[in-house]
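As recorded in Swiss-Prot:
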- 678: active site (ACT_SITE)
- 721: active site (ACT_SITE)
- 355, 356, 357, 358, 359, 360, 361, 362: ATP binding site (BINDING)
- 10-203: domain 'Lon N-terminal' (DOMAIN)
- 591-772: domain 'Lon proteolytic' (DOMAIN)
């Protein structure tokens, strides 16, 4: 290669992503065939070659138009062939040059060039620019960790302004476009100004990076170690090309959304929340709130159901297997099944089981679920006084949660569970709201298809749910709420029912739990009856179950201790196991008594006899009532007393008896409060007997309310009262005529052992109760 009309011919080496300034010495790795041949040609001539940068890095075989026209003439100082076929070259930049013409393009590029001479500028201007450039470069080095401090020392020794600009530019991480601009600028002052502007921008960027770094550092110091680790993990994932944690989480939730059976409105809601979540940093507290909300919507059943088992015989078997008696609620469930089988679209009933503790209300609801083949959910409402417990909290509150209804549906996993609202009569209200009012929507079949929970902010359909509520009393349930439920009363178990429950359910279960087979423990009928009568007094069977467990524990101790291999419990040996009887029941009088009548009472624990005693004392007409009587019972005594005064002469009683005598009415067991109107005819009969001296038949028990005109009004609890009369040894029952229809509710064995006298007036009561009829002046 040589000179031609003031121009120089040189081989061309196109550079990718690299630019060489004059005076620069650096290594290059050359791998392209054309480039290797250009190097070989340079070594044949005078070791000179033109280094020019191609515009696009990714082009393997660039054309002349894709190579910058200005480059640097360099001297090849050393060549080393590497094992992989590439050549490592040590080059030194000499001078700027411009490509005038491409002389050869086939085997390698040969170009005609002209050298570019630097244009001088005003010395003072250049000197000022050089100083400013050095100052800015020094600040840049302090801020940047990419340039070593030793570089500043070597740069400060450079006196030529053009070389200074080239050396500083070579140490800056500039874009290729900016580097090429500096290379193409031959005017020294312009080159310094361009570089100063670029360096100033770089320094400002580094200042901003430093401020951001300090701010991030302070923020990281205030947060937990977990934040720092997550940031590191995020940076690592970014470097590896992985998706960051938040995006991966959102993608996972979107995949879950595709498979969800939620309605379109719910899917749209979830998608909107996902868009919000996507824009939030992984450490955002709001992000975790949104994630919890989305998880709640996913967890709720929207269409999943369990198929009802509509086999009535199967349902009847399951209900009878789990519970003895309880005919009314069982019958209602079977009716629902029958209608469901015919219609196949009936909404679930809303039942309210009312009765004393321990009669099986809660366990019956569980049995209903088993009979229907549905999921069972129970929530206790006892003591709940916050409306948010039912409807949930709005998501703006910290720690917000859905209400118990929605949580119960999540737990069920289906849209048609049996949902038990236990102890609905124990709801309370205060300044936080009235939960009973919130339940109005839940328990209304015409409204609960759009139940609104504050947390999920969307309506939820409860029409397929079978709601069952339980209560001990209806008195505390608000009227609008009670109106929405079908009330089924469950009275306390009779003695006979308890005996059957003990024999068929409780004792076998306790024997199994205590590892006692029939060959190890046997309890006869008399012992069971004694256990029911004298060791428990309750409407339900919870204490009876405990006493059965007590018997099993005592028997287990005897057997394990080696005293006996088999324990037989009789009425006599029961006391040895459980101690003295804890309760006693009233018994019939042993002989006919004057002024003493056996009444019949009903309590939450069942029926019992109630003796009423009357004494006539000399005095001035004072009426004394003792035995801890309630207001209603006192009024009944006064009504009976007034009625007897009005008819005293007809029964042979001194019309002036109330002026000459004090009358004392006493009901024994004074420590026990007593109230109610049903002892009215009992007290009236006792008064007539005491005033006439005619005894009352010992086998008679009675119940009924009395009026001032002697009429007998109906009462409640006849079944339990007659059971207690039978237990006490009574054989005759006097009852109001209006209660005659209730006789059929009494167990047949008891009904056949008793003689019933329905009455409408006190005269009829006296006719059946006294040993002889009082005789006086008839009007």
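Cβ atoms are placed via backbone N, Cα and C, with glycine included.
Ranked by Cβ neighbours within 10 A across all protein chains shown, the recorded positions 361, 721 are led by 721. Within 8 Å of the centroid of the Cβ atoms of 355, 356, 357, 358, 359, 360, 361, 362, where the record puts ATP, the same chain has further Cβ atoms from 353, 470, 472, 490, 539, 540. In the three-state DSSP scheme, residue 678 (active site) falls into the coil class.
Note: the Cα of residue 358 (ATP binding site) and the Cα of residue 721 (active site) are spaced 20 Å from each other. A separation of roughly 16 Å, to the nearest angstrom, links the Cα atoms of residue 356 (ATP binding site) and residue 721 (active site). Burial estimate for the binding-site residues (355, 357, 358): highest at 355, by number of other CB atoms within 10 Å. Straight-line distance linking the Cα atoms of residue 721 (active site) and residue 362 (ATP binding site), rounded to a whole number, equals 26 Å.
The binding-site residues listed here are 356, 360; among them, 360 has the most other Cβ atoms within 10 Å of its own Cβ. Minimal Cβ crowding within 10 Å, among the recorded positions 362, 678, is found at 362.
The local packing around residue 359 (ATP binding site), expressed as other Cβ atoms within 10 Å of its Cβ over all shown chains, amounts to 26.
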